[in-house]
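K.L.:
Taken from TrEMBL, the feature region 'Disordered' applies to 22-42. Annotation comment: TrEMBL describes 112-146, 147-181, 182-216, 247-281, 282-316, 317-351, 352-386, 422-456, 457-491, 492-526, 527-561, 562-592 (among others) as repeat 'PPR'.
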Amino acid sequence: MYLREGRSLLLKVKKPSTPFILNTNPVLNPNKEPQSDQNQTQFEESQVLNTLKQEPSISLALNYFKSIANSNSFKHTPQTYQCMIHKLALESHIDGIQYLLQQMKLEGISCSEDLFVIVIDSYHQKGLVEQALKMFYRINEFGCEPTVRIYNRVLDALLSENRLSMIHPIYGNMKRDGLEPDLHTYNILLKALCMNDKIDSACKLLNEMASAGYSPDAMSYATIVSSMCKLGKLDEARGLVRRFRSYASVYNALISGYCVEYKLKEALDMFEEMLVEGVDPDVRSYSMIISSLSSVGNVELSLAVFAKMFVRGCSPNIYTFASLMKGYFKAGRVHEAFDFWNRMVREGIETNTVFYNTVIHGLCSNGNVDEALSVSYQMEENGWAPNVVSYSSLINGFAKVGDLVGASETWNRMMSNGCHPNVVAYTSMVDVLCRHCMFDRAHSLIEKMVLENCTPNTVTFNAFIKGLCSNRRVDWAMNAFDEMKHYGCAPNIVTYNELLDGLFKVNRLKDSFGIVREIEEKGIEWNLVTYNTILSGFCHAGMLEDALQLLGKMLVRGIKPDAITYNIIIFTYCKKGKVKSAVQLLDRIRAGDDWCPDVISYTSLIWGLCNWVDLEEAISYLNKMINEGICPNVATWHVLVQCVFNSLGHLGPIHILDDILGYG
């Protein structure tokens, strides 16, 4: 055995809550009179083992074990100790395990490999990896020699607790102890390397495995493929899969990688390749494909894959059904989602928390928050307690519709049920408070998050900054922008977009351009909202040339303009008196297939014609607008009425009105 530098061989053993010595008679029948030493019943090992195994109560089993240990009727054997320690391990009774190990040591009873594995596993399950390692270093004290199996259990425990730096030294000890790693050892090492993003080293380890006579199995390849996908190396992962086509789990790892990147065509290609290669997709394969298709609202193709699943004899699980429900909600087909749920109920398919949370989230996403609330109560009635995901979806749903009362009542219900809010719940409450201009309370909630060890993230600050900027509280928003950096939250393009919008609204052009420079310096990619926000700012400042230059830059960078973009440019032209250019732009766009002018486009143009041309030309575009099936709104009529009054004075419009009403 080799001990890492700085580690102690001593293990402080806490005394169990109950003393080992209780009485001198076996606890078999408490009402039975004690027997004399001469008439003391002698027990066979098989009898003691049978009694211990059949006793469901851990405390009674332990009392029985202790009582016969202090009588002359039986001397415990390695098998009875192992049986009792195994029962204690199932209950994570660490103190009892430690004490029995000490008793074994005092009695000179050696630990077997199986028993030491049980001990290491019990520490692992309790999250006491450090104690497990210390016990491992004392293995020789208990008459047990380290084996590959025991080493693997220790390595597993370290891996599960992300103690990656400790794995290599333990593996080195194993080699120095003359023990050759087995397939399980190699798979643990592979996973450790992949968790450290050392993919090249993991691939080299595959060759070492082959040299040692171990063929990598499905777990080996699936581990590396998953890690490659996580690092965005999808092509390399695909090449590795094609070298090892035997298992569904390896294909699943790659399909999962494609699905995460929303590369659904590639995911479907790999799914079809599985079928061609004779590898039967499992329920996870189908569910991942269905979930990804549902995420983009492609319900029809999801149902087609679902049907293929049945044809090939693969039974769906509740996660498959939840994915289909997600698709219906994503596509806004709420009634069909409930029809599907009713069919599930009729066929006796039991739901679970994940399914209910899918329904609650889907309803909230479609604005049906009251129905989602009813589902949460139905969930409770059916024995599934809502969790933080359920409550977060509800609070977020109420926040999106601006219902502060609903969000607050759900928050209180969550807290009274002993469920601690997560960052989504906190962020949603910040959002709804800001929608009601309660900025002090929103900021206090952010501070409370920190005290509750729930660190606010970028989305939290974005909600706060958006609320402030929408209400022209730009100075506070800039302070919040600096504060988020203090909490380690990196601003993203959404943060900058909100700040730009707020700064342009209060005509702080210099600060706006400073934000634009910061975005450029940090190399953050602009999105369509960024361009539209800056274009709108230029428009309000009357900076037509700058707006047109930015539009050109936008097109060069491959960002496709939308309705907002075109409407901003049309209005800017009209504001600067270049109505002819606005008309040409509208006509050119209308002739293409990219976008059709809407009520905002025509209203802006009519405003420009009224102000810079004449009423007659404005009326002609009003007729074009109506002929294209676009209904004028209040703003359109307001522009025209104002133009009529300006052109004809006060009596002219009244005469026109009389003509319209038939009074003339």
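A Cβ is built for glycine as well, from the same backbone N, Cα and C atoms used for every other residue.
Curation plays no part in TrEMBL annotations; they are all automatic predictions.
Describe the structural context of each listed feature in the structure shown, including burial, neighbouring residues and relevant distances.
P.N.:
Taken through DSSP, the repeat 'PPR' (112-146) splits into 26 helix, 0 strand, 9 coil.
Taken together, the residues of the repeat 'PPR' (147-181) have an average pLDDT of 89.
Taken residue by residue, the repeat 'PPR' (247-281) breaks down under DSSP into 26 helix, 0 strand, 9 coil.
Away from its own ends, the repeat 'PPR' (317-351) comes close to residues 283, 286-287, 290-291, 293-299, 302-303, 306, 309, 358-359, 361-363, 365-366, 368, 382, 384 of its chain (Cβ-Cβ under 8 Å, at least six residues beyond either end).
Beyond the ends of the repeat 'PPR' (422-456), by six or more residues, the same chain brings 388, 391-392, 395-396, 398-400, 402-404, 407-408, 411, 414, 463-464, 466-468, 470-471, 473, 476, 480, 484, 487-489 to within a C-beta distance below 8 angstroms of the stretch.
For the repeat 'PPR' (457-491), the residues of the chain that approach it from at least six positions outside its boundaries are 423, 426-427, 430-431, 433-435, 437, 439, 442-443, 446, 449-450, 498-499, 501-503, 505-506, 508, 511, judged by C-beta separation under 8 angstroms.
When Cβ-Cβ distances below 8 Å are used as the criterion, the repeat 'PPR' (492-526) is approached by residues 458, 461-462, 465-466, 468-470, 472-474, 477-478, 481, 484, 533-534, 536-537, 540-541, 557, 559 of the same chain, each at least six residues removed from its ends.
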K.L.:
Go ahead and report the DSSP secondary structure tallies for the repeat 'PPR' (282-316): helix first, then strand, then coil.
P.N.:
26 helix, 0 strand, 9 coil
K.L.:
The repeat 'PPR' (282-316): which same-chain residues, six or more beyond its ends, come within Cβ distance under 8 Å?
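P.N.:
For the repeat 'PPR' (282-316), the list is 248-249, 251-252, 255-256, 259, 262, 264, 267-268, 271, 274, 323-324, 326-328, 330-333, 336.
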K.L.:
In the repeat 'PPR' (562-592), how many residues does DSSP assign to helix, to strand and to coil?
P.N.:
26 helix, 0 strand, 5 coil
